[in-house]
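Peer 1: Under the heading transmembrane segment, Swiss-Prot lists 9-29, 49-69, 101-121, 137-157, 165-185, 212-232, 247-267, 279-299, 337-357, 363-383, 397-417, 419-439, citing sequence analysis as support.
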Amino acid sequence: MSSEHKRSLPAVTLAAIGVVYGDIGTSPLYTLRECLSGQFGFGVEPDSVFGFLSLIFWLLVLVVSLKYLTYVMRADNAGEGGILTLMSLAGRNTSDRMTSVLVIMGLIGGSFFYGEVVITPAISVMSAMEGLEIAAPSMDSYIVPLSIVVLTLLFIIQKHGTGSVGKLFAPVMLIWFLTLGVLGARSIIANPEVLQALNPMYAVRFFIEYKAVSFFALGAVVLAITGVEALYADMGHFGKFPIRLAWFTVVLPSLVLNYFGQGALLLKNPEAIKNPFFLLAPDWALIPLMILATLATIIASQAVISGVFSLTRQAVRLGYLPPMRIVHTSDMESGQIYIPAINWMLYIAVVIVIVSFEHSSNLAAAYGIAVTGTMVITSILFCTVAVKNWLWNRYLAWVLLAGLLVIDVPMFLANVVKILSGGWLPLALGMVMFIIMTTWKSERFRLLRRLHEHGNSLDAMIASLEKSPPTRVPGTAVYFSRATRVIPFALLHNLKHNKILHERVVLLTMRTEDAPYVLNARRVTVEQLSPTFWRVIANYGWRETPDVEEVFQRCWQDGLTCQMMETSFFMSNESLIIGERPWYLRLRGKLFMMLSRNALRAADQFEIPPNRLIELGIQVEI
């Protein structure tokens, strides 16, 4: 490790604390309260307190420390993580049929994230505001309005970026975790017997004593690990080692101290179950703690919002969502983006959820099913990568998968039973996103295949045009082409109606590769097809923004000179009509047409100057 890297490690680790662990770091606000609130029939008695504390501790160890930090984070694509990245890795060395299954699983996992992201800001901020019930009971009726005000401000500032205020995230979250640890340690010192719950036998006894009821209680325990996917998804921003270092040195000790501190408080004063987190603090510290908790939940919400922006960009670039406007809010950091459509749809959904559920306890029932569903899918995809990509011993990989699913599946099933009491919300939101993603991908493929089937051979067309050239006009024309062997429809229609060609014709294909970045050496390929025709293929990673001007600069190195303001850009604009289909495919076709109408135009994606653009319409039956 270089000295430069050593100097930067503390800063990167601190930044990881501020972004990666926001969601899981605010879980102590409500987790133990929900476990012992009475909904599962558990009283605040020693056996249940010790049992839940033991379960929480060993979930943090087995799921976060072992599964994600030790195993899952090994699966990266050029340093990037996340469920869609894992899906792509898993499908690289498998059969077409198996790849289709893995893609569906990955899209379900991604859809679950969209369902979860609506709940996280709502439950986090409401839990912080509920400190008012302790500090000033008369302010109880203001919890919902204040939560909406805080989140409204958060969503408004998204368009300005979080670069400046983001520098405060890490120090605030560090103070938050230190506060968690101090509050918990004070309580543990007063009642150290609570540390017996570190023994896993208390978790085992919990299941033996409470039998079937203990299974349903897993639906509440899982609240302690919500946000665990962020560790993997944010790997590309901070790297594996800083994320692991932050967890083992700061986050895990602070969480364990706080959970066990709440447990010690409940053993001493069972009536503290109404809000054991805030009752850990002395009276004079309630208001400062509530302010700090609000800041921490805002940061946790910001991390989730940024995460959904990143996931959306990846889905758009990989062809699972229609193109949409993506604004870069920082000249220095490519990961800082803002997507207006997603931002405001998410805001409306969050406000509706807050108004409908009114209290964080009501939302807790909805929380968990998306998280645990994604955990199950992650385990399966990871073991597929281990066997197919890394050539692990098949039997050892299956043993590992069985061990992971022994934890994941019961937690998922325990949350499934909560569907009627709120679990339907993330499932419904996830289903909507899954339908949209699969519809866009499959119908777009169908459209491109139809265009390809009805297209003319490029080589034959060029040979014909060179042999019997039409009228030539000065200048360069760029035709955007999706398929490299078929003549673009815009070129075909230009010849058909205008009977002319420019002196130089460039067929430009913009491709997105299944990788976050593409090496500069592979960015642009230039091929001269004839004295007047060139084919240019530009390759970009899904984290990169296609730039036509950059493509032109690289073309110059290969002997092809193009100037943006001296070039005419031709694009085809498809007008879609639905052919004969079964009723359910007609519905899917109509959804695709609606998505296409609202998608960002290719000219806007590539920032083509409007006065240099010519669009030619074609009608296509789908």
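Note that Cβ sites are derived from N, Cα and C of the backbone, with glycine treated the same way.
Describe the structural context of each listed feature in the structure shown, including burial, neighbouring residues and relevant distances.
Peer 2: For the transmembrane segment (9-29), the residues of the chain that approach it from at least six positions outside its boundaries are 1, 64, 120, 124, 127-128, 166, 169-174, 176-177, 180, 223-228, 230-231, 234, 237-239, 241-243, 245-247, 249-251, 254-255, 258-259, 262, 277, 293, 296-297, 299-304, 306, 360, judged by C-beta separation under 8 angstroms.
Tertiary proximity for the transmembrane segment (337-357) is limited to same-chain residues at least six positions away from its ends with a CB under 8 Å from its CB atoms, namely 117-119, 121-122, 126, 144, 147-148, 151-152, 155, 158-159, 161, 305, 308-310, 312-313, 324-329, 363, 366, 422, 425, 429.
Below 8 angstroms of C-beta separation, residues 30, 34, 63, 67, 71-72, 75, 83, 86-87, 89-90, 102, 105-106, 108-109, 112-113, 115-116, 119-120, 122-123, 126, 219-220, 222-223, 225-229, 232, 353, 357, 397-398, 400-401, 404-405, 408-409, 411-412, 414-416, 418-419, 421-427, 430 of the same chain, each at least six residues beyond the ends of the transmembrane segment (363-383), sit close to that stretch.
Sequence-distant contacts of the transmembrane segment (397-417) (same chain, at least 6 residues past either end, Cβ-Cβ under 8 Å): 59, 62-63, 67, 71, 215-219, 221-222, 368-369, 372-373, 375-376, 379-380, 382-383, 386-387, 423.
Proximity of distant same-chain residues to the transmembrane segment (419-439), defined by a Cβ-Cβ separation under 8 Å and at least 6 residues beyond the stretch ends, is recorded for 104, 107-108, 110-112, 114-116, 118-119, 315, 320-321, 349, 353, 357, 362-370, 588, 591-592, 595.
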Peer 1: Same-chain Cβ contacts of the transmembrane segment (247-267) under 8 Å, 6 or more residues past its ends?
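Peer 2: Residues 13, 17, 21, 24-25, 27-28, 31-32, 36, 44, 46, 49-50, 52-53, 56-57, 60, 64-65, 69, 174, 177-178, 180-181, 183-188, 190-195, 197, 224, 231, 273, 276-277, 279-280 contact the transmembrane segment (247-267) from elsewhere in the chain.
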Peer 1: Can we call the transmembrane segment (279-299) and the transmembrane segment (165-185) in contact, meaning three or more C-beta pairs below 8 angstroms at a sequence separation of 6+?
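Peer 2: Yes, since the transmembrane segment (279-299) and the transmembrane segment (165-185) share at least 3 Cβ pairs closer than 8 Å, they count as touching.
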Peer 1: Could you pull out which residues elsewhere in the chain have a CB under 8 Å from any CB of the transmembrane segment (49-69), counting only those six or more residues past its ends?
Peer 2: 24, 31-32, 35-36, 42, 194, 196-203, 205-206, 209-210, 214, 217-218, 221-222, 224-225, 228, 231-232, 243-244, 247-248, 252, 255-256, 259-260, 263, 266-267, 375, 379, 404, 407
